[in-house]
Amino acid sequence: NSSHTRTLSFFLGGFPAWGTTQVWSAVPLCSTYLLALLGNLTVLSIIRAEQSLHTPMYLLLAMLAVADLGLSTSTFPTMLRTLWLEAREISFSTCLTQMFFIHSFTDIESAVILAMAFDRYVAICHPLRYSSILTNSVTTKICVAIVVRTTLVQLPLPILLTRLRFTRVSELSHPYCLHPDIIKHAGSDTRINSSYGLFVLPSTLGLDLLFILLSYLLILKTILNFATWRERLKALNTCISHICAVLLFFIPMICLSMMHRFGKHVSPQAYIFTASLHFLAPPILNPIVYSVKTKPIRRRILRMLCQR
């Protein structure tokens, strides 16, 4: 097995604007990355500075910001490198490392969104028991469990890829490395890799989405039992930020997974657009949504701006 020939590198996929406009395409991409960094670091700094925000809801929001930072930092640098330097080649080991971090931070963000759905369920359905059910200690244990689950599930992916044989230099569909994209270019049997990949997706993101939907069904049932429409709207308003995070994360992810599994004749531009939307939209828009809809964070930002 050690004599198997394996390509030492891949070529990253290009962009729809690849060609004469590649430098100008990097300008909005770089601005997008800086905006994602600024937004998430601002949320983290405010939660850290404000002692009153050291509560389960805001601790989960801080972990969501960390996941967004990790996801954007795992994808943006190679995209910018591809556009600015035209350096499309990436080594096999670097590609596996990037793939591991992209999928890991994706799983972490999914699990954090599920934990935030549980937070909203307890706050609306069991408000009198909220402080006893969701303590800071319980929230910390949830965050540790999320990291452990992600590591145990995602670590076999790069290990299983090292046993495959890649007999030619291949061009990937995206300007970064994803597991379904890599195994398509293997020159040996990929049934174990495909089977494990199909196991990982429903057992992590699929279960998370199922429990999120279940949480909102219970929330909706409780809200409909409220006496007045004013109470219903007030309760529903506390969930709007989280609903936006769910839609921003899961809709592009589901579309991208379906395209990889069943879209044999989908154009490369569609792959790139959907994947970019999945990886770029949440890190940029989540801080904006939570800053607008969360009063303590909004007040702190306005206070900082007024002082300046």
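Positions of Cβ are set from backbone N, Cα and C atoms, glycine also.
Taken from TrEMBL, the feature transmembrane segment applies to 23-47, 59-80, 100-122, 142-161, 196-219, 239-259, 271-292. For 39-290, the entry in TrEMBL reads domain 'G-protein coupled receptors family 1 profile'.
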Exercise for the section: Answer with yes or no whether the transmembrane segment (142-161) touches the transmembrane segment (239-259) by the criterion of at least three Cβ pairs under 8 A, sequence separation 6 or more. Expected result: no
Handout entry: Contacting positions for the transmembrane segment (271-292) when only residues 6+ beyond its ends and CB under 8 Å are counted
Key = 13-16, 32, 35-36, 39-40, 42-43, 61, 64-65, 68-69, 71-72, 75-76, 102, 109, 173-176, 178, 241, 244-245, 248-249, 252-253, 255-256, 259, 263, 298, 301
